[in-house]
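Remarks on the structure that follows.
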Ligand SMILES: NC(=O)C1=CN([C@@H]2O[C@H](COP(=O)(O)OP(=O)(O)OC[C@H]3O[C@@H](n4cnc5c(N)ncnc54)[C@H](OP(=O)(O)O)[C@@H]3O)[C@@H](O)[C@H]2O)C=CC1
Ligand SMILES: CC(=O)N[C@@H](CCC(=O)OP(=O)(O)O)C(=O)O
């Protein structure tokens, strides 16, 4: 089965990562590659690590350029996907790596993104209860944000098992590629190297409603989320440290059992052996997620930690995993759980 795939936003980080994964995917054939300010450039000048595609030239992102493919990946800035997607036919699989179709509540979208809500598509986090059924055969997929991927996988087993009180406190560190390739002063090497800094503090980060949506969906009650992202001096990776008060009667054993049950059959989520802790280097370049959980008895809190590569499982790997499900392929096709370390 040859799957002809186009990538819009091929000059960016997310577009580059999905191309890296598609090059290793046995069923994928790479079709149109489009950009915006870089249209007309050779991919080799923009993504030199993608050697087999070095001589391909980016075209403008138009419906004509993206026509005639089985799958179109949209790796565009927020708010740009909807206009492109509506010009693509109902039979083409559209995988949006931006935020446009992730949220269910229009009011959440308007508050955090400041424009009109475009709609809601099946959510590309297969591990979330009920998600696989919605993805199978779907022609539209909304790939989660990178922080919501890490946080949801760290915490949802505790909420699904009814073990956590509905208020989660999260501090997550991200590598700088999470901010995209467009130049920004706070991403200058001299600002980032040798330093860590918080941003979006006090409930302002746009991933907060996505985390609330995911955790409330499995908890069966409204979960409040306090989320503080931090920028870490590394190109890739997210380490999410999440905590919530434990409900009465929770023990270290019942907590561990809930996570073992949630992840027993998951091909990409690795619940680490007790006493070992997630590290971003272990999942670099891989679609694997490391998770660990502990019960801090002194304060009655659940501490759940996850590590993902923001560009792989956090974006492009999650996109390919969801594409596989939508097309009826084995979910793991073309995706590696082998990291690059040190
Ligand atoms: N980086 C990450 O870790 C993650 C990113 N994402 C999402 O993926 C999407 C892309 O992010 P990322 O790759 O990091 O960003 P980049 O800034 O690295 O890339 C953006 C891409 O979009 C193109 N582009 C810019 N403006 C327009 C426009 N007006 N119309 C069409 N194309 C445009 C750019 O083309 P050109 O270079 O030619 O101007 C480039 O190819 C975003 O929605 C982001 O939220 C999701 C999860 C994680
Ligand atoms: C380090 C950094 O800046 N990270 C980005 C998250 C990028 C991402 O995954 O999310 P979207 O797909 O929603 O853009 C941020 O905090 O805005």
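One-based numbering along the chain as shown.
Just so it is clear, glycine is given a Cβ too, placed from its N, Cα and C backbone atoms.
Look at TrEMBL and you will find 146 tagged as active site. Look at TrEMBL and you will find 4-136 tagged as domain 'Semialdehyde dehydrogenase NAD-binding'.
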Legend entry - Number of other Cβ atoms within 10 Å of the Cβ of residue 146 (active site) across all protein chains: 29
Inset, instruction - Run through the domain 'Semialdehyde dehydrogenase NAD-binding' (4-136) and tell me, per DSSP, how many residues are helix, strand and coil. - result: 40 helix, 26 strand, 67 coil
